[in-house]
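Here the structure comes first, spelled out in structure tokens, and everything after it is commentary.
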Amino acid sequence: MVTMGQCYYNKTIGFFYNNSGKELSSHWRPKDVVVVALGLTVSVLVLLTNLLVIAAIASNRRFHQPIYYLLGNLAAADLFAGVAYLFLMFHTGPRTARLSLQGWFVRQGLLDTSLTASVATLLAIAVERHRSVMAMQLHSLLPRSRVVLLIVGVWVAALGLGLLPAHSWHCVCALDKCSRMAPLLSRSYLAVWALSSLLVFLLMVGVYTHIFFYVRRRVQRMAEHVSCHPRYRETTLSLVKTVVIILGAFVVCWTPGQVVLLLDGLDCKSCNILAVEKYFLLLAEANSLVNAVVYSCRDAEMRRTFRRLLCCLCLRRSTHKSARYTPSARTGASTSIMLPENGHPLMDSTL
């Protein structure tokens, strides 16, 4: 007999899953095996890729700039997301029923904290790029202390949003407010999380749209004085490509998960969200792999550093004999334009 207003801290995980109508399997089903196999594969790739990004930023002095500190923080958040999802894969399926309430909140909190930190850092990178482009700087002159404060702020917000459910924003004392996807969490928490991510996306769209139109105006203005040099046209196309990739990756990876979170938060009874929620969570986790490709691997200097690090791992004895390389002009996501009037680069789009 369930009494409203009563707390159920002494109940098992199965009690809350039954209350929400979410099936808690007692054996490994084919669907569980597929999800775990895919999840372990994605987690390992996320860990290896983001470790490589962090190592590259730490080892190359050219990357000791504010934007790369933020890229390093993005890699750290995504690395944390890989660890959190790996922990989930080892505590899912039939193993879920053996978790204590505290263990379940730890599993959920790790995911919420890491993914929140990743999304918040994406917004911070967009804002920093906007500031650099508007000031026509190759790299932001933002003081390191302010970058550190920005990174600390990202993690404080992420930890707050990730730890809050375990302490207050749950439904242990209000079973009628429990969500179906996360049977110990309040539906309002899921709705707020989904709306927050949607807000971040809209802000990113606004920031990158403003960057694009600003750069296009600058390019058109310069083209009038240099007979429309092909380099300027290439810059605009490269910027469009980069913006589309950034926003497209975010939409593809996050939109499905945010939609089901919002539907669950709004208590959509007719929506069969449980049939797809595990796959959409896996897609959101895959964004931690996509981030490394979109924000780091498209940088030519970063790719050279990757090759150097991988060669050092494969050929440790030849580490000290590595020849120095001469940096070349960046391509792909990195685009520099020299202003005719003062010789300063218009932008370096490590967007």
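Heads up, the Cβ atoms here are built off N, Cα and C, so glycines get one too.
According to TrEMBL, the feature domain 'G-protein coupled receptors family 1 profile' maps to 49-295. The transmembrane segment annotation in TrEMBL covers 33-55, 67-90, 110-127, 147-170, 190-215, 236-259, 279-297.
Taken together, the residues of the domain 'G-protein coupled receptors family 1 profile' (49-295) have an average pLDDT of 87. Taking Cβ pairs closer than 8 Å, the transmembrane segment (33-55) reaches residues 71-72, 75-76, 78-79, 81-83, 85-86, 88-89, 92-93, 278-279, 282, 285-286, 288-289, 292-293, 296, 302, 306, 309-310 in its own chain, all 6 or more past its ends.
Counting Cβ pairs under 8 Å to the transmembrane segment (279-297), the top-ranked stretch among 67-90, 110-127, 236-259 is 236-259. Just going by CB pairs under 8 A, the stretch in 110-127, 147-170, 190-215 that sits most against the transmembrane segment (67-90) is 110-127.
Same-chain residues lying 6+ beyond the ends of the transmembrane segment (190-215) with a Cβ under 8 Å from its Cβ atoms: 112, 116, 119-120, 122-123, 126-127, 129-130, 133-134, 161, 179, 181-182, 235-236, 239-240, 243, 246-247, 250-251, 254, 258-259, 261-262, 264-266, 346-347, 351.
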